Amino acid sequence: MVDLESEVPPLPPRYRFRDLLLGDQGWQNDDRVQIEFYMNENTFKERLKLFFIKNQRSSLRIRLFNFSLKLLSCLLYIIRVLLDDPTQGYTCKELNWGCSSQNYTPENINWSPIIWVNRSLPLWGLQVSVALISLFETMLLSYLSYKGNIWEQILRIPFLLEIINAVPFIITIFWPALRNLFIPVFLNCWLAKHALENMINDLHRAIQRTQSAMFNQVLILISTLLCLIFTCICGIQHLERAGNKLTLFDSLYFCIVTFSTVGFGDVTPKIWPSKLLVVIMICVALVVLPIQFEQLAYLWMERQKSGGNYSRHRAQTEKHVVLCVSSLKIDLLMDFLNEFYAHPRLQDYYVVILCPTEMDAQVRRVLQIPMWSQRVIYLQGSALKDQDLLRAKMDDAEACFILSSRCEVDRTAADHQTILRAWAVKDFAPNCPLYVQILKPENKFHIKFADHVVCEEEFKYAMLALNCICPATSTLITLLVHTSRGQTAPWEAFRQLTGTKQTLTREGQQSPEQWQKMYGRCSGNEVYHINLEESTFFAEYEGKSFTYASFHAHKKFGVCLIGVRREDNKNILLNPGPRYTMSSTDICFYINITKEENSAFKKQEENRKNNESKACYHGPSRLPVHSIIASMGTVAIDLQDTGCRSSSGPTLALPSEGSKGGRRPSIAPVLEVADSSSLQTCDLLSDQSEDEITPSDDETSAGSEYAKGYPPYSPYIGSSPTFCHLLHEKVPFCCLRLDKGCQHNYYEDAKAYGFKNKLIIVAAETAGNGLYNFIVPLRAYYRPKKELNPIVLLLDNPPDMHFLDAICWFPMVYYMVGSIDNLDDLLRCGVTFAANMVVVDKESTMSAEEDYMADAKTIVNVQTLFRLFSSLSIITELTHPANMRFMQFRAKDCYSLALSKLEKKEREKGSNLAFMFRLPFAAGRVFSISMLDTLLYQSFVKDYMISITRLLLGLDTTPGSGFLCSMKITEDDLWIRTYARLYQKLCSSSGDIPIGIYRTESQKLTTSESQISISVEEWEDTKDTKEQMNYRSNHRNSTSSDQSDHPLLRRKSMQWARRLSRKVPKHSGKTAEKISQQRMNLYRRSERQELAELVKNRMKHLGLSTAGYDEMNDHQNTLSYILINPSPDTRLELNDVVYLIRPDPLAYVPNTAPSRKNSFCNTVGQDTREETQL
């Protein structure tokens, strides 16, 4: 320590306290120099300049004092005029100037009243004092602002006016004879105007706020107008002292009448100086005022573009939300407004739009509509500027919606802008709830602080993936998150109505098609929530199992209970299973046509009478009233290829052979409380154990290659971990390339791999991180191993290494560099035996100079695929939903034209989902992510919607929460008969909750239309009619969908289509149209054969086998739709696909040994058959 202290050098003499006190001569020899800064401000002039000019607050006080002096001088002038009497003698005699009292004509003017005035001594003293102070201040400010050019200071107009008004008063101090000399003190009003402008500028600087150009311009205009009028009033009054001797009021009256161009003529100037002054003032007004008005109009237009401000008083008394967007398009605006104001409690909210771009012409026209002009306020500004956020009163807003610009070519840059906006809003208003839309999943973790986040690519790819295994999932989700309604009744009344009255307000009610009526009537079905103890639907099921509550609530009220949430837990559980016991504090989530608070309940006796009077089922149009109220609606979709599903998939057990000849089969009741023995028989892991039921050698080898676990590598931060089927070892990157062989395999096309299941092809531009969410749902652990479809990624650009690291652990996932523009690439990737082909919208084509042209290339490419491979199920993503009418376009198809006219009618009525009747959307073949914008908007009222949607799509996997899947109704399952019995069967056996039915009908025309002879066609009409009568007599219990398959009803539908298409309803016109249709069929068939030959030739050229290519297989003439939560009386039909929410298989595991489990799985079918017997 001593050595260390000895090494410390002593302080220099300058820094020792003793030397600072006593002084030391040694430091003076130091070469360092002491510097004092800002010495120039220590001078007297700089200190004065700092006080009078530089300092904002002191300068503001000086200018306020100067403004007060000018106003005081004008006030003293008015007092002098009021006290002056023109009839008294004038003081010119004191100067011994010859003044006579003779009368003067207008040509011979008496100048004495103009030159001399009566000014009392006290008034003179006050005016002299004001003049001295004003002159001293002016000279001082001129001295302080002097910059080397004295003439620049002297020739300024304010300085000249100050000299004219102040120097004569100072002269009268030394020459008392001039005390009554007239001095134009009223010109000080212009100096007051100048001081006011400077004062306002200093005021804005002092309070640290940006001055309003509009406010300043209005102030300048008003002050200029007042100064002109005041100058004219005082000038005319003084000059007319030698004429009409007008008072100040008479002069004011004359100026107002003259400047307003009225000109009564009762008061006019008599002498030429007055007339000259009037001419001068009018000329000045004609020059100055238009300039001021022009500037004011320009600023007003600019303010209209920028939107002005949202007043603080309104923000404190009214509720408002802020919408931040990069660019505002009419479609985005109308989607937001229609969805936001669809909720009754939001009718009094204001919407403040904050956008950095100028308002579009279409948006301007819409916002001028009275319905929106009173609610929507457009502000042009940036969310990154605090002053713009202050204009929008962001700190008082109820919520802030930040939307990304999906039309940008660089979507990463668009996300970066969104992130900065979210950070800026959170920094400015930390308590304002944030609803953020992000495009790419890798950017999501930057905005995890937001209250609600919707990642576009996550939802998009997960929805497209589920479309391949659960047809039309995109249509199902879109309808659930939309609020669909008609305009046949006010919205408030519509929300209050229930039952059959409510169905009259839905879309499609004017259509004769049954599926369109049901589809439109129930298209507004949504997810609602309610506390169990406050609910009429679910209160009686406290202490009962979840499946028991769901089944009986659907049976009694027609509502579908899909999930719950504990009071002490934030996680929502979809179908937690039969072991879950309902508690009084649970929050129940259910699907219904309206929320319980808006429902009316009828007595049981009425429902029972309705059931007795309608014992036979003749379709949904003749269902009991309570069933119609409970009906959730239909969604028309097209049946996609489900042939890839294994025959050992989810099926329902048949009754035993012994019971077929006796009693009708029955179904076991749903237990109120889960029984351990019954839970074993409904073990949800049985689906996973299907792979172990009598496996073949190939299945055993394939199953041994797979394991279940969490993916070891995620391509982005924030992805939800999902339990998946994985490989024991990752595949080398070279083996992931489908079209090129490597040292591990020599396959160069999809056919060579010999896949047992059909392919799922994804055509995308780049392998973005969001594509990872397409693979995960298709490889989830609850998917049976033998039902896994190979996935081929057809990419325009090669993927990067980190994406390959993420997908190399998944089984049967390959990629290929190619494009859907190239037929050879399509054939190599196996399009001829693919189950589904997903065409993802390309980022490079999302923006176009002309609106809606961004989808042109995608639409044409898909149309080519549609013509070449007619049996291929193509799922397309579009940028603009309005372009879905071009998908699978048929110019002369009458049915499509009729649907087009129906869409236009619904749009005129104000439907929010006018495109819902378009067959491509109804079939689930087209999807636009902009349809899911309403998911973010609905979260403002329903904060659980994003969580429920993520659980349905498999983006989140909450322990104990179920997942969305489907099962197909086969001939062996038709003994179930109705949807209510299906509900009971599923709840009592496997614990599944059905939420809808996917149904397919034939859309083909009558067989007579394929023939040339008209007489044969007419004979077929008669024959079809007779067959229809026999069909009705033999099948009285069939539904309307059964009847719609028959040619007669289809012919009636075609007649309706022709009527909407404005065809001539005569027999000759009908015959000509049918002949034209026959010719088109023949032409289309020959054209299809030519296309088939083209495809086969290319396949032979590439060395591919043409086996499996069915060029004539056409599934395009089918019509499919979804019955979302149908009524309990709905009849099941063959090939119906039932949508299920299946409990989590990992929620509980049977206690039996594996060997017993296998043996049990072999006897599940037999046990179930025994249960169904009475």
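Glycine too: its Cβ is placed from the backbone N, Cα and C atoms.
If you look up TrEMBL, you'll see 64-83 (among others) marked as transmembrane segment. If one looks beyond the transmembrane segment (64-83) by at least 6 residues along the same chain, the residues whose Cβ comes under 8 Å of a Cβ in the stretch are 117-120, 123, 126-127, 130-131, 133-134, 137, 165, 185-186, 188-189, 191-192, 195-196, 199, 230, 234, 237-238, 248.
Taken from TrEMBL, the feature transmembrane segment applies to 124-145 (among others). Listed by sequence, the residues of this chain that lie at least six past the ends of the transmembrane segment (124-145) yet keep a Cβ under 8 A from its Cβ atoms are 45, 48-49, 52-53, 62, 66, 69-70, 72-73, 76, 80, 153, 158-159, 162-163, 165-167, 169-170, 172-173, 179, 185.
Taken from TrEMBL, the feature transmembrane segment covers 157-175 (among others).
If you look up TrEMBL, you'll see 218-239 (among others) marked as transmembrane segment. Same-chain neighbours of the transmembrane segment (218-239): 74, 77, 81, 114, 182, 184, 186-187, 189-190, 193, 196-197, 200, 246-248, 250-252, 254-256, 259, 269, 271, 273-274, 277-278, 281, 284-285, 288-289, 292-293, 295-296, counting only residues six or more beyond its ends whose CB sits under 8 Å from a CB of the stretch.
According to TrEMBL, the feature transmembrane segment maps to 276-301 (among others).
What TrEMBL records for 318-454 (among others) is domain 'RCK N-terminal'.
Annotation comment: TrEMBL describes 644-665 (among others) as region 'Disordered'.
The domain 'RCK N-terminal' annotation in TrEMBL covers 757-897 (among others).
Annotated region 'Disordered' per TrEMBL: 1016-1049 (among others), in sequence order.
Residues or ranges marked as compositional bias 'Polar residues' in TrEMBL: 1030-1042.
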Please report, as numbers and ranges, the same-chain residues at least 6 past the borders of the transmembrane segment (157-175) whose CB is under 8 Å from any CB of it.
73, 124, 127-128, 131-132, 134-135, 138, 142, 181, 183-185, 187-188, 190-191, 194
Under 8 Å between C-beta atoms and at least six residues away from its ends: which parts of the chain pack against the transmembrane segment (276-301)?
213-214, 217-218, 220-221, 224-225, 228, 231-232, 235-236, 239, 258-259, 269
With DSSP as the yardstick, break the domain 'RCK N-terminal' (757-897) down into helix, strand and coil residue counts.
58 helix, 29 strand, 54 coil
In the domain 'RCK N-terminal' (318-454), how many residues does DSSP assign to helix, to strand and to coil?
59 helix, 28 strand, 50 coil
